[in-house]
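K.L.:
I am attaching a structure below and will ask some questions about it afterwards.
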Amino acid sequence: MSAAAAPAAEGEDAPVPPSSEKEPEMPGPREESEEEEEDDEDDDEEDEEEEKEKSLIVEGKREKKKVERLTMQVSSLQREPFTVTQGKGQKLCEIERIHFFLSKKKPDELRNLHKLLYNRPGTVSSLKKNVGQFSGFPFEKGSTQYKKKEEMLKKFRNAMLKSICEVLDLERSGVNSELVKRILNFLMHPKPSGKPLPKSKKSSSKGSKKERNSSGTTRKSKQTKCPEILSDESSSDEDEKKNKEESSEDEEKESEEEQPPKKTSKKEKAKQKATAKSKKSVKSANVKKADSSTTKKNQKSSKKESESEDSSDDEPLIKKLKKPPTDEELKETVKKLLADANLEEVTMKQICKEVYENYPAYDLTERKDFIKTTVKELIS
């Protein structure tokens with residue numbers, strides 16, 4: 001025990017070296033590599049921050065992007081000469097009704113039709129001329145070009161399709177697909193509808209005025225027939241009066257001539273009686289002639305009346321039966337037009353115009369208020 005305690009005591013008595021005198025620990029190779037990597041990362045971050053700061057600073061003007069213009073394509077379209085290919089049908093300008101409708105349309109209203117026919121909008125001066133020269137599409141039905149035209153027409157609104165139908169003298173009733181088929185079928189082989197030329201409103205109004213004037217003249221003629229007969233009777237009375245006056249003057253002259261010879265023979269008295277009888281017979285003959293003349297005139301007037309009645313009987317029944325449309329008929333036409341029309345686009349003026357076109361023989365301007373009220377009732 002004493003031997004073990006002795007070294008321990010020796011150890012306790014030995015001096016402890018100070019901490020500052022310890023040797024510095026040398027870093028290993030791994031620690032050096034990690035420090036180098038950290039330094040590199042710090043340098044990279046600093047470089048990135050500097051680049052960001054540089055990018056924020058605007059130096060000079062920004063480079064503009066060059067605009068690519070399709071000048072070559074436009075010039076190629078302009079250089080292509082305009083040619084009208086001959087179709088299978090008749091030229092639109094040679095069809096009377098279509099020529100009439102074309103003359104009434106403005107050039108701006110024909111742009112879409114021109115584009116449909118020739119794949120170009122056309123100029124204002126040549127729109128009507130080019131549309132009139134069209135005689136049908138050169139391609140067949142069901143081809144790719146036909147389908148392209150069909151797709152082009154389907155993009156049009158109903159109002160535009162109906163205006164095209166109006167120019168081409170086609171029915172304007174139906175759905176979009178029906179109108180498209182109708183227009184394409186006609187444009188493949190244009191031909192006249194066979195209907196007569198529509199009368200303009202001015203001519204129809206003049207015609208109605210003439211009809212009114214003619215009816216007024218017939219009434220006047222009927223009224224003037226009676227005065228003519230009366231004038232004949234009065235003329236016969238005047239003739240009788242004149243004859244009486246002449247006979248009285250003749251008697252006075254004869255009496256004056258007979259006065260100087262006071263003595264008259266029986267023969268002279270008989271002669272006087274005979275002359276008086278002859279004068280009476282002349283008077284009766286004059287009266288009969290006047291009566292016969294009046295009867296002849298009456299017969300002539302009755303013949304004229306019968307001839308006018310016969311001529312009116314010879315007229316066709318359609319002329320006699322033609323009457324302006326009733327309120328119910330106008331209401332039905334307005335119903336049909338509203339059913340086919342697009343209420344968001346159609347105006348009251350267009351509906352009134354279409355109603356007038358359904359009845360071109362009559363002037364319906366006086367019944368415009370009734371048409372408007374019916375439209376409002378049907379819409380509400």
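Even glycines carry a Cβ here, placed using N, Cα and C.
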K.L.:
Which of the listed positions, SER33, SER200, SER221, SER302, does Swiss-Prot note as phosphoserine?
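P.N.:
Annotated as phosphoserine in Swiss-Prot: SER33.
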K.L.:
Could you check which of 87-101, 342-356 is flagged in Swiss-Prot as DNA-binding region?
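P.N.:
Based on what Swiss-Prot states, DNA-binding region spans 342-356.
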K.L.:
Of 102-106, 122-126, 372-376, which range does Swiss-Prot call DNA-binding region?
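P.N.:
Of the candidate stretches, Swiss-Prot labels 372-376 as DNA-binding region.
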K.L.:
Please work out the mean pLDDT for the residues of the domain 'DEK-C' (324-380).
P.N.:
83
K.L.:
Hey, which of the modified residues SER125, SER163 is the loneliest by Cβ count within 10 Å?
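P.N.:
Lowest Cβ count within 10 Å among the modified residues (SER125, SER163) is SER125.
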K.L.:
Grab the same-chain neighbours of the DNA-binding region (342-356) for me: Cβ-Cβ under 8 Å, and only residues 6 or more beyond its ends, written as numbers and ranges.
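P.N.:
Result: 157-159, 172, 201, 330, 333-334, 364-365, 368, 371-372, 375, 379.
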K.L.:
So, in DSSP terms, is SER125 (phosphoserine) helix, strand, or coil?
P.N.:
coil
K.L.:
Where does SER163 (phosphoserine) sit in the DSSP three-state scheme?
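P.N.:
Note: SER163 (phosphoserine) is helical by DSSP.
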K.L.:
Can you tell me the CA-to-CA distance separating SER163 (phosphoserine) and SER125 (phosphoserine), as a whole number of Å?
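P.N.:
Cα to Cα, SER163 (phosphoserine) and SER125 (phosphoserine) are separated by 20 Å.
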